[in-house]
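Student: Quick one: structure below, then a few questions.
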Amino acid sequence: MNIRHQLVQFLNLALVLSSAFMAWKTLSVITNSHSPIVVVLSGSMEPAFQRGDILFLWNRDNHAKVGDVVVYEIKGKSIPIVHRVLREHHNAESKQFLLTKGDNNAVDDLGLYAKKQAYLNQKTDLVGTVKGYLPMVGYITILITENIYFRYTLLGLMGISSLLSNE
């Protein structure tokens, strides 16, 4: 392989990666969410959502309602949680606070929240409200995360494929 051919392959890869990044950022701006698409990682929302379902989020609503399925993050933890709004209340400044619970869980999420936090702040803790989903499409993400053999096999196949491609 000559250097020119390698440069073309590198630039094509850079184009694909930058296009994917721009599409993600555009979707983030449109939905007003830093993570507009998430994968369900646990069974806490069964039967509504199964492990591996991809959820599409929207964060342009001013308030979440009781019964809405929301995705939130807890300060200091990196994994978003998908649960249903169980209760809501407003303070004197009309800020909305939410209590959530997984459909398949026996108790509410109070034990999951940060210390001394009784409710989620709708403005700061919510990633978005679920507006749609694709069943089981995100299961590949779970396989890559949880199965080291699958991860390295997939990486190896991608590497071999890129080495053997002529375009």
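A Cβ is built for glycine as well, from the same backbone N, Cα and C atoms used for every other residue.
Sharing the features that Swiss-Prot gives for it:
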type     : residues : note
TOPO_DOM : 1-12     : topological domain 'Cytoplasmic'
TRANSMEM : 13-30    : transmembrane segment
TOPO_DOM : 31-167   : topological domain 'Lumenal'
ACT_SITE : Ser44    : active site, charge relay system
ACT_SITE : His83    : active site, charge relay system
ACT_SITE : Asp109   : active site, charge relay system
REGION   : 153-164  : region 'C-terminal short (CTS) helix'
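Set these features in their place in the structure for me.
Tutor: Across the topological domain 'Cytoplasmic' (1-12), DSSP classifies residues as 10 helix, 0 strand, 2 coil.
Per-class residue totals from DSSP over the topological domain 'Lumenal' (31-167), listed helix then strand then coil: 29 helix, 39 strand, 69 coil.
The number of other CB atoms found within 10 A of the CB of His83 (active site, charge relay system), across every protein chain shown, is 23.
Taking the Cβ of Asp109 (active site, charge relay system) as centre and 10 Å as the limit, one finds 21 other Cβ atoms among all the protein chains shown.
Only residues 6 or more beyond the boundaries of the region 'C-terminal short (CTS) helix' (153-164), in the same chain, are considered here, and those with a CB under 8 A from a CB of the stretch are 9, 13, 144.
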Student: For Ser44 (active site, charge relay system), write down the residues of its own chain that are at least 6 apart in sequence and whose Cβ falls under 8 Å from its Cβ; none is a fine answer.
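Tutor: Listed in sequence order, they are Ile81, Val82, His83, Gly102, Asp103, Asn104, Asn105.
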Student: Average the per-residue pLDDT over the region 'C-terminal short (CTS) helix' (153-164) and send me the rounded value.
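Tutor: Here the mean pLDDT over the region 'C-terminal short (CTS) helix' (153-164) amounts to 83.
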